[in-house]
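Colleague: Below is the structure I would like to discuss, written out as structure tokens.
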Amino acid sequence: MPNVRFAVGIQRLIPFLGYHHVLMILIAIAIIMLSLLLAGCSSSSPLIPGIFLISFYYQSYTPTYATQQVDPGVTAAIANIVGQAQLEVRVGYFGICINPDGGSFLCSNNATLLAEQVSVDQDPLNLIWVAETFKNEVVFPYLLIVAIILAFITFLLLATFPGWHEEHDARTGSDIDIKPFPSRPVSQVALALIFVASIFVLVSVLWQHTASVAGAQIAQDFGNGSVRSGVGTSAMVLGWFGFALLIVVTIGLLVMILSIHLLDKLTDE
């Protein structure tokens, strides 16, 4: 019986689930994903250290030699300096996480406090400082913040769209379901806002992707044979999926506005 009641409740809800409700759900998911992206490495809470833009860590491996290297033997000197260090540093938009000895991550937005938690032997090449420089000088989170704000305003505008309601038809004597068209100016403002938000997210994600890949490659080449680096897969997925959802909403709003305009022209004729 409870399952039957649930099914009946869903069947009653679906007809009143408007087109704009679907767009609102997509915007809400995009806002959550972009917020998680911004929150990466900001705390030691579960899963948060796993959302990072770039990571640096000490690991001994066979160095890469090339004819362009003036002093290939410097890799041996770097290996001697690194010793047995195994520190890992992860960088987010507003925080840094470190793992000095393979245990749990310690996260903070203050690199000085993190540096005080490790010894010279644990971070001989100052990877914490390198991470802090990347966070402060390369990463730019504010376009994403503005995009989230614009997306939230669009969400509120979509919430003002009229939904289904019943009206009494005097001719037939029965109640009929009616859904008025949303306001054209409100729809156009919502489209403009979500379009700008999409562009901001695209620029931010491209910036994030390019900077992370370039920084990771340069850091690994500099620590050839002793330092590894990587790009955060979770951060990339959150960023690109957030952008894709906003683009879907933009296209959906555009199709809705054009459809309403076409219907208005047909009814006028």
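Every residue, even glycine, has its Cβ placed from backbone N, Cα and C.
Quick caveat, the model's predicted, so the values are computed rather than measured.
Copied straight from TrEMBL:
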TRANSMEM  21-39  transmembrane segment
TRANSMEM  139-161  transmembrane segment
TRANSMEM  189-207  transmembrane segment
TRANSMEM  237-263  transmembrane segment
Colleague: Which sequence-distant residues neighbour the transmembrane segment (21-39)? Criterion: at least 6 residues beyond either end, Cβ under 8 Å.
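Modeller: Counting only partners 6 or more residues beyond its ends, the transmembrane segment (21-39) has Cβ contacts under 8 Å with 48, 51, 92-94, 141, 144-145, 147-148, 151-152, 154-155, 158-159, 163, 194, 201, 235, 238-239, 241-242, 245-246, 248-249, 252-253.
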Colleague: Hey, which bits of the same chain come close to the transmembrane segment (237-263), Cβ under 8 Å, at least six residues off its ends?
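Modeller: Contacts with the transmembrane segment (237-263): 19-20, 22-23, 26-27, 29-30, 33-34, 36-37, 51, 147, 151, 154, 181-182, 184, 187-188, 190-191, 194-195, 197-198, 201-202, 204-205, 208-209.
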